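Visitor: Supplied in structure tokens, the structure appears directly below.
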């Protein structure tokens with residue numbers, strides 16, 4: 001983690017529970033990021049917090065440290081039942097819930113607080129078995145949580161801490177009724193610690209959220225700069241006919257160590273995957289049609305470096321912390337301005353630099369003015385030579401529905417020109 005990403009505030013300087021500090025230091029966390037330095041003094045004093053910060057700035061660790069500290073410092077309610085978790089962390093997607101659970105495991109191991117995970121798609125009985133043994137902190141998506149609550153597999157009457165992560169997306173996806181249903185089954189707002197964290201918190205979201213919070217304090221980091229200053233942004237204007245060849249040429253020239261390509265529809269993602277897989281790239285596909293187990297496996301392979309390229313719809317854009325993503329390609333400019341911020345926020349995380357390349361084609365170029373108005377700046381435009389685009393490209397692969405979305409290992413496919421890697425970089 002780059003030192004420029006951190007403050008001089010140490011976790012050990014706060015009155016955090018010693019076991020929480022130990023768990024953080026075991027993972028190499030000594031100094032706070034700005035959002036952690038702002039939020040922790042408030043949560044440690046029992047204040048509710050709505051935190052806004054760009055992606056990759058440590059929001060997850062801020063609410064996890066607060067949650068574990070609060071539960072260790074405040075005894076469970078006397079007479080608490082096995083099916084009553086003490087803390088509830090809600091996320092908008094299965095992938096984000098799984099990631100939060102993974103981030104919390106090191107704290108769980110040191111503190112002894114038990115974790116539970118609840119999300120739709122699969123694993124119903126496996127998740128239920130963990131819940132039946134009793135958990136302190138339950139992390140999940142609203143649909144599965146309501147399912148378990150209606151069947152009395154969980155009871156929210158002993159909740160001491162509640163967290164909404166990526167709160168804007170929770171509301172945007174229409175989960176507000178689900179959230180309110182869950183809140184109505186918890187103790188009143190003044191009897192629990194409430195936290196909201198997100199990269200974007202509109203006034204509408206804060207107004208709705210504060211209905212469920214107790215005089216929450218609003219904290220923000222770099223509120224006027226919606227895109228990370230370590231991210232180099234670049235824009236091309238291709239024709240529809242040249243768009244795919246431009247993408248493949250840019251990938252060949254940049255040769256990114258790890259990149260995510262976003263498109264607006266699953267069919268477009270499948271098309272991109274087919275071209276890149278045929279060209280010998282190690283590429284994974286992440287859309288809503290991919291089975292849950294396969295989605296998690298693809299994310300794991302991408303995180304470990306077994307895949308170099310991930311082609312995804314916005315299902316993967318929110319909240320996922322995948323380290324060392326060097327490039328993000330917006331094959332389609334998104335219809336939602338906030339999605340642009342979240343997409344390019346996959347790179348340039350934790351103090352590292354990143355590169356975002358967007359293609360403003362004939363179909364989606366009309367989305368650009370709203371995006372630039374929202375971010376507060378124009379995206380630098382680069383030109384390309386149509387005659388220099390790759391032409392020796394194989395026919396795209398057809399997606400095999402019963403197979404994983406991976407191409408051959410990249411190092412088994414010879415580079416097109418055989419030129420040294422450093423000589424393939426574009427100038428500037």
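Including glycine, each Cβ sits where the backbone N, Cα and C put it.
Just lifted these from Swiss-Prot, have a look:
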- 53, 54, 55, 56, 57, 58, 59, 60: ATP binding site (BINDING)
- 40-219: domain 'Helicase ATP-binding' (DOMAIN)
- 245-390: domain 'Helicase C-terminal' (DOMAIN)
- 394-428: region 'Disordered' (REGION)
- 9-37: motif 'Q motif' (MOTIF)
- 165-168: motif 'DEAD box' (MOTIF)
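Quick one: where do these features end up spatially?
Guide: Under the DSSP three-state reduction, residue 57 (ATP binding site) is assigned to coil, being neither helix nor strand. Around the Cβ of residue 57 (ATP binding site), the same chain contributes 5, 33, 34, 35, 221, each under 8 angstroms and 6 or more positions distant in sequence.
Residues of the motif 'Q motif' (9-37) grouped by DSSP class, helix first, strand second and coil last, total 16 helix, 2 strand, 11 coil.
Secondary structure of the motif 'DEAD box' (165-168), assigned with DSSP and counted as helix (H, G, I), strand (E, B) and coil, comes to 2 helix, 1 strand, 1 coil.
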Visitor: Short question: which residues 6 or more past the ends of the motif 'Q motif' (9-37) have a Cβ under 8 Å from it?
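Guide: Sequence-remote neighbours of the motif 'Q motif' (9-37) are 1, 44, 51, 53, 57-59, 61-62, 65, 68-69, 72-73, 106-107, 109-111, 197, 219, 221-222.
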Visitor: Among all the protein chains here, how many other CB atoms are within 10 A of the CB of residue 58 (ATP binding site)?
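Guide: I count 26 other Cβ atoms within 10 Å of it.
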Visitor: Taking only same-chain residues 6+ apart in sequence, whose CB is under 8 Å from that of residue 59 (ATP binding site), what do you get?
Guide: 35, 51, 53, 165, 197, 198, 199
Visitor: How many other Cβ atoms are found within 10 Å of the Cβ atom of residue 60 (ATP binding site), counting all protein chains shown?
Guide: 20
